[in-house]
Amino acid sequence: MLSKIIGSVVGTKNERELKRMRKVVSKINAYEAAIQALSDEQLQQKTEEFKARHQGGESLDALLPEAFAICREASLRVNGMRHYDVQLIGGITLHEGKIAEMKTGEGKTLMGTLAMYLNAISGKGVHLVTVNDYLAARDAELNRPLFGFLGMTVGVIYSQQPPQEKVDAYQADITYGTNNEYGFDYLRDNMVFSLKEKKQRPLNFCIIDEIDSILIDEARTPLIISGQAEDSSRMYALINTIIPVLIRSKDEEANKNNEEEDFWIDEKNRQIEISEKGYEKIERFLIQVGELGENESLYSPSRLPLLAHVQAAIRAHHVFVKNIHYIVDDGEVVIVDENTGRTMPGRRWSEGLHQAVEAKENVEIQAENQTLATTTFQNFFRLYDKLSGMTGTADTEAAEFKSTYDLDVIVIPTHEPIARVDMDDQIFLTKLGKYKGIIREIQEIQAKGAPVLVGTATIEASEELSYLLDQEGVKHNVLNAKQHEREAEIIAQAGSPKSVTIATNMAGRGTDIILGGNWQSFIEDIDAVSPEEMARLKAQWQIKHDQVVAAGGLHIIGSERHESRRIDNQLRGRAGRQGDPGMSRFFLSLEDDLMRIFAGDRVVNMMRAMGLKEDEAIEHKMVSKSIENAQGKVESRDFDARKNLLKYDDVANDQRKVIYGQRDDLLAEMDLLEAIKIMHQEVYNAMINQFIPPGSIDDQWNVDGLEDELENEFKIAMPINDWLDEDRRLDEEGLRAKIIETALDRYHSRREQMGEKDAAQLERHFMLQSLDKHWKEHLTQMDQLRKGIHLRGYAQKNPEQEYKRESFELFQMMLGAIKSETVQDLSRVHIPTKEELEALEIQQRENAAHMQMQFEHSDIDNMDGGVERAAVQSRNVVGGATGASVAGAMAGSSDDADPYAGMNISRNAPCPCGSALKYKQCHGKI
C-alpha cells in the first residue's frame, strides 16, 4: 500500500527510467536534421570516426546520441525503416545492460540494431542470442545490409560449422547464434590443446532475444558435453518387460501409505515412489532372470544402478507421454519442448530416462553418456562483461531477473495503444465439452471473416482439436512439432481472412502474424516480379487486410492455461500488434492438468454442484482467481528450483573457473619448469610423509617401504639406507631435502636429453592430459554427490553446507591427483625423438577430432536424483579432451589404449615404447 502511495506521487521506477531516457531521445533527435544532410559516403565514414574517438578515451555512453542517430538514418536509407522513439528507448535500455520488454510486433529486431552498432564500435565483439538457428540466420541476413553499410561485419555460428568459418564468425563485429551454440563453444574452447584452436574471443556484450525463454524457461538446463559410457541397452529392454505388470495407485494421495499398490506418482514433481510390495515384486523378477542374486536386494550398494533403471522405466511409462513430451520420428525418440511445442532433435534425457523411453517405444536403445564438461545458462551468460535482453514478456519475472542476473526490466511503451480485447476465461466440466465450445467460437469468428489462432499445450491436444474440426468440416492448418517444416509458410498466412491455425504453444514465435496475410511471401515464389504485378498483389492484400480489421482482427483462443502466466501472455501477444485490433480468450476444463493438479477442491465441487451440462461454460471471478493462484504456486515452485540449482552450481562454477583458468595458463605459458619443480616438491613431500612422518624419530621410519614406493611410482632408485649409513647426522629434514634434490637432479638430466623445446611440449601435454582426465572424473563424482546430498537433511545436516564442504574436499583431492600423476608420468616417460613427438601430436588431434561426443541439456534438476537431460550429438569435435594423447602414448602409466595390442608381445618382454618396463607393467597393464 505504501509503495503505491509513493508511486502515485513520484512515479514508479519504470516511469522514472523512461523519463530519463526520453531526455536522451531528445538529444538523438536533435542530430537528425544535420545527419540527413550527409551523403552516403559521409554517413559511412562516421563509424571510423566513432572508433577513433572511442580509442581516444570517449565513452560509448558519450557517443550514444550521435551513434544512434547515424544508425537510424542508415536504417532508413538501406531498409526503408526508421526507428520510432520507443525503439530508441529500447536501444538505450539494451546498451545499459537491462531487459527491454517490448510487445509483439513493436520491432524488437530493429530496436536491437542500435545497441549492437554502438557496442561494436569498441571492437570487442557483440553477440546476439536467439532461440533457434532459423531466427539467427534470418535476423543476420535481415540486418547484414544495414551493418555492412555502416562498415560492420556480421557472422553467424551454427552446429557442425567448419572450424575456420566459426573463427571468422566470432571475429566479426557482430555475431548471431543460438544460446546452445554459444554455450557449447565455450565448453569446447576449454577442451582444446592450443590457444590457436579456440574460437571465442573474451565475452564482451550480449543481447539475448526472447530472454525469458532462455534465462527462465531453460535456466535449469545444464549444458553438458559427454562421451559414451558402457552399453546398458539389454538391461533397459529387460526392465521394460516388468513395468506393465506393476500396479499404479489409482488415488495417489489416499493410497500413499498403504501397500496394496506397487507404486504411486507425484504428478506435480514428476517423481515416482515404489512401495515395499513393488520392490519385492521387482526383486523376484530380477532373481528369476538372473540379474539379482538370491541374497541380494535393490538396496544393495552394488545394485543401485538396477534400481535407477527401474525408476526410469516407470517414469517412462507413466509420467512421459507420447505426443506430449516426445514424438517417435523415423525410429528415434525426439523430445518436444513443452514451452514452445518445438521438437529438439538430437537432445537426450539423461539418468537413463531416454533409454527407458526408447525401450518403451521399441526403438533402438542408444548408449548412455559420461560427462566431460558442463555449465549452465545461468552461469555461462553471467560471464559476459555486459548482458542485456529483449522480450515481449519479462515483467512477471522481474524479481527473478534482478535476484539471479542483476538485470532490471524496463517496460517499453507501445508506439500505438493496444487495441486487443482480452476476454474472461470460459470453464467447462469436461475436455470434450471445452473442445465443443472452442469449435463453436471458431465458427462464429469465421462467420465474421476474422482469422483464428488456437494455441494448445501439447501435440496431442492439437491433433484432437484438428480431428474435431475435420468432423465439422472446418478448414484449418496445424502447426506442431510434426509439421515444423511448414512453420514459416503457415505462420505467414495465419492472418488471412477466415483462416484457422492450430499451433502448439509458441510455435512460430519470432515471426509476426500480419493481418490479411503476408503478401511478400507470394513474391518469394516468383522468379521475377514486375512493378505492375507487385502493385496488384499489394492491392489484393490491402483488401484482405481491411476486411480482417473490420472483422475485429486476429482472434486468439487458448485451449488451456499454461503453468506460467508468462506463456499465456505470449500467446495473447500474438494479436494486437502495432495498434491492430484483436481478441483473446482461454477455454478451460476441470480435466486440464493445471486445474486437476493445482486448482482447489472448492472450485471443482462448486462447478459440479451447479449441474452444468457438458458443453455449458461459466465465467466466474473465483475460478479465475483460483487459476491465477495455481499458476502462482507453479511459478514460485519453479523459481525456488532454479534458485536452488544456482546455489549448487555456483560451487561447481567456482571450481570450473579455476580449472579453465589453469588450462589457459598451461596453453599460454612457454616455460613450465618452475611449476614442474613445485609439483615435484609437493608430490615427493607427500610420499615421504607416508613413510617418514613429520616430527618423528628414526625408529618410526619405514625406509625400505619408501625406497620400494619411489621405485614403483617414479622408477627412481634411491639408496636411502646407504645414505643414512654413510651420514649418521642426516635427520628427517636433511633426508627429505636430499630425496627431493636427487629427484629434481634426475629430472633436469632427462630434460637436457630431450632439449628445452621438446621437454616443454611434453610437460604441457602431460599436465593437460592429467587435468582433463581428473576433471572429467571429478564431474562424475560431483554429480553423484549432488544426487544424494538431500539425504543429509534426514541427519539434521544442512545439505547445501555439506555439499560445499565435500565438493571442496573432492576438489583438493583432484588437484593432488593431477600433480601426482603429472610427476609420475614425467618420471616414467620414454624420452622421444622429435619425429615421435610430431607423429604422436598428429595422432592426438586425429583421435580428438573423430571422438564421438554428446552435447546435452537438463530440463529438470530438483536435487533429488530426478534429473532429466537432453543431448545434442556431434560427429566431429575438434580438440576433444580425451583419446590417446602424446603423453599417454609415451608414458608407462598413461596407457588408456594399448597401441601394441595386435603384436602378440610376451607379457614379460620389454615394452616396445622404450620405457624400460616389462610389457605387462606398461602398455600391456590390465
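Glycine residues also receive a Cβ, built from the backbone N, Cα and C atoms like all the rest.
Annotation comment: Swiss-Prot describes Q87, G105, E106, G107, K108, T109, D512 as ATP binding site, evidence class sequence analysis. In the three-state DSSP scheme, E106 (ATP binding site) is classed as coil. Long-range Cβ neighbours of E106 (ATP binding site) (same chain, at least 6 residues apart, Cβ-Cβ under 8 Å): V86, Q87, I412, T414, H415, R577, Q578.
Annotation comment: Swiss-Prot describes C911, C913, C922, H923 as Zn(2+) binding site, evidence class sequence analysis.
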How far apart, in Å, are the two Cα atoms that lie farthest from each other among Q87, G105, E106, G107, K108, T109, D512, the residues recorded as binding ATP?
17
ATP site, defined by Q87, G105, E106, G107, K108, T109, D512: further same-chain residues with Cβ within 8 Å of the Cβ centre
M102, T104, L110, M111
Three-class DSSP secondary structure - Q87 (ATP binding site)
helix
